[in-house]
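Reading through the C-alpha cells given below for one structure.
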Amino acid sequence: MGGTDKDTATVISTMLLVSGITTLLNSYLGTRLPLVQGSSFVYLAPALVIMNSREYRNLSGHKFRHIMRELQGAIIISAIFQTILGFSGLMSLLLRLINPIVVAPTIAMVGLAFFSYGFPQASQCVEISIPLLVLVLIFTLYLRGISVFGHQVFRVYTVPLSLMIIWAYAFFLTAGGAYNYKGCSPDIPSSNILIDSCRKHANTMRSCRTDVSNAMRTADWVRIPYPLQWGIPIFQVRTSLIMIFVSLVASVDSVGTYHSTSLLVSSWPPTPGIVSRGIAMEGFCSILAGLWGSGTGSTTLTENAHTIRVTRVANRRVVEVGAILLMFFSLIGKVGAILASIPQALAASILCFIWALIVAFGFLNLQHGQKGSFRNMTIVGVSLFLGLSIPAYFQQYQPLSNLMVPSYLIPSSAASDGPVHSGSPGFDFAINGLLSMNMVVTLLVALILDNTVPGSKQERGVYRWSRPEDLMNDPSSLEDYSLPRKVTRVFCRSRCLGP
C-alpha cells in the first residue's frame with residue numbers, strides 16, 4: 001500500500017484496539033459466546049483487489065492514505081448492509097440456506113486462496129522460514145501431549161513460542177554478519193537494488209534481516225488510535241459492492257463458528273434470532289473498524305473453536321479480560337512496532353501454517369453431514385475446483401506491464417484488467433474483482449448446489465438451531481445467551497433478535 005514502517009505499526013495498534021472494543025461489544029451485546037473478534041483474512045482479498053487497482057499502481061504521493069481511505073469507505077458501507085441484515089431479521093431467513101456443505105468449502109477457500117503468497121515469500125529466506133515451519137509442526141503434532149508443570153505449553157503456545165525461538169536465531173544471524181555483503185548497505189536494503197553488485201542480495205537482506213524495519217525507532221511510546229486518523233473515508237460504488245459480498249462471506253464464516261462453539265460451551269445452540277443479533281453486532285463493529293481505519297472489517301475469528309478445544313477454556317470473563325489487555329497494549333506504540341518488525345520471511349512462514357489450519361477448520365464442518373455421501377462430496381469438490389479455476393481465468397488478464405505489480409499480487413489486479421467490459425467502468429471493476437476472488441465464487445457455487453440438489457436434512461447435515469421455548473425451559477442456557485437486563489429493554493420489542 002506504500003506505507004512506511006511507522007504506518008504498519010500504527011495499523012497494528014489500531015487493529016489491537018478495535019479487536020478489544022469489538023470483542024467486548026460482542027460479549028455483552030452479540031451472541032454472548034466466548035468469541036474473540038478481530039481482523040479476518042476474509043477481508044484481505046478485497047483489500048488486495050482495491051490496492052492493486054489501476055489508478056493506484058503509479059500513485060506515489062500519499063498512496064497509503066488514499067488506499068486506506070477507500071478501504072474505510074467500502075468497509076463502512078458493507079458494515080451498514082451487514083447490520084441491516086441482522087437487525088431486520090433477514091439473517092434468520094438466510095440461515096435456512098447456510099448449512100455445513102456451504103460453510104465448509106467457503107472457510108477452506110479463505111485459506112487456500114493465498115497459496116500463491118505463502119511459500120513463495122517464505123522462500124526468500126529459507127534458512128529461517130523452513131526451520132520455523134518445521135518447529136511449528138513439531139510443537140503442534142509431535143509434542144502436543146507433553147506437559148510442562150501441568151500445562152500443555154507446546155500445544156497452546158505453538159505459534160508465539162516457535163516465532164520467538166526462530167526470531168532470536170535470525171537476530172544472531174543478522175548480528176553475526178550472515179547477511180552483510182561487500183559494498184551493500186545493511187541499514188537500507190531497499191536501496192541496494194540500484195547497485196548492480198547488490199541487486200541479487202536485495203531480496204535476501206529485506207526478507208531475512210531483523211533490523212530492516214525502522215518501526216521501533218520511529219513509533220511513539222504512547223499513541224492512542226483515533227477515528228478518521230487517516231482522513232475522511234472515500235465512498236465508491238464499485239468497491240462497496242465488492243465489500244458487501246465479502247461481508248456475506250464473513251457472515252457465513254461466523255455462522256459456522258457460532259454453531260461449532262455453541263456445541264462446545266452450551267447444551268443448546270443459539271436461536272436464529274441470537275445469530276441475527278450476532279451478525280448485526282459484527283456489522284456495527286465493522287463500522288467502528290472502518291471509522292478507526294484498521295484496513296479490514298471486524299468479524300468472529302474462525303480460530304475461536306480450535307482455541308476452546310485446545311485450552312479447554314470457554315469462559316466469557318476470560319475473553320473480556322483478554323480484550324481489555326488488547327486495548328491496553330494498543331496504546332503502547334512500541335508493541336505494534338515490535339510486531340511490525342517481524343522479518344517478512346518469518347511472517348510468511350507463520351501464515352503458511354495459519355492458512356493451512358483455516359482450511360482444516362473449514363473441512364471440520366463436514367462432520368455434521370452424512371459421511372460418504374456422494375452428493376456432499378460432489379458439491380464440496382465442485383465448489384472448491386470452480387472456486388480455484390474460475391478466478392484463475394479472470395486472473396490471467398494481467399496488467400500490460402507486470403513490473404508495476406509484484407508477482408504474488410498480479411492475480412489481485414484482475415479487477416482493472418479482467419475480461420468483463422460492459423461499458424460501465426465501475427460495474428466492470430466490481431464484477432471482475434468479485435469473480436477473481438476464490439472465496440466469493442466458492443460460496444456462490446456451494447450455496448446454489450446445496451440448496452437445489454435434492455437431499456435429506458440428515459444427509460445435508462442441516463444446522464439445528466434452538467427455538468426460543470427450548471432456551472426458556474433451560475435456565476442455564478438462557479443465561480448464556482440472554483442480554484444484560486438494561487439492554488434487554490431495548491431489544492425486547494424485536495423477537496427476531498432472540499432473548
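Every residue gets a Cβ built from N, Cα and C, even glycine.
Note that the structure is a prediction, hence the values are computed from the model and not measured.
Feature annotation from TrEMBL assigns transmembrane segment to 9-29, 35-53, 74-95, 101-120, 132-154, 160-181, 318-339, 345-364, 376-394, 429-449.
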> Taking the transmembrane segment (101-120) as the reference, which of 35-53, 376-394, 429-449 gives the largest number of Cβ pairs under 8 angstroms?
Replying inline: 429-449
> When you scan the chain for residues with a C-beta under 8 Å from the transmembrane segment (318-339), skipping those not six or more beyond its ends, what do you find?
Replying inline: 5-6, 8-17, 19-21, 23-24, 27, 34-36, 213, 215-216, 218-225
>> With contact taken as 3 or more Cβ pairs under 8 angstroms (pairs 6 or more apart in sequence), are the transmembrane segment (132-154) and the transmembrane segment (376-394) in contact?
In response: no
>> Should anything in the same chain at least six residues away from the transmembrane segment (376-394) have a Cβ under 8 Å from its Cβ atoms, list it; otherwise answer none.
In response: 101, 104-106, 108-109, 112, 366, 369-370, 411, 414, 418-419, 432, 435-439, 441-442, 445-446, 449-450, 453, 455, 459-461
> What same-chain residues lie close to the transmembrane segment (35-53): Cβ under 8 Å, and 6 or more beyond its ends?
Replying inline: 1, 15, 18-19, 22-23, 25-27, 67, 70-71, 74-75, 110-111, 113-114, 239, 242-243, 246, 249-250, 253, 257-258, 261, 282, 285, 289, 294-302, 304, 307, 319, 322-323, 355, 358, 405, 409, 412-416, 429, 433, 436-439
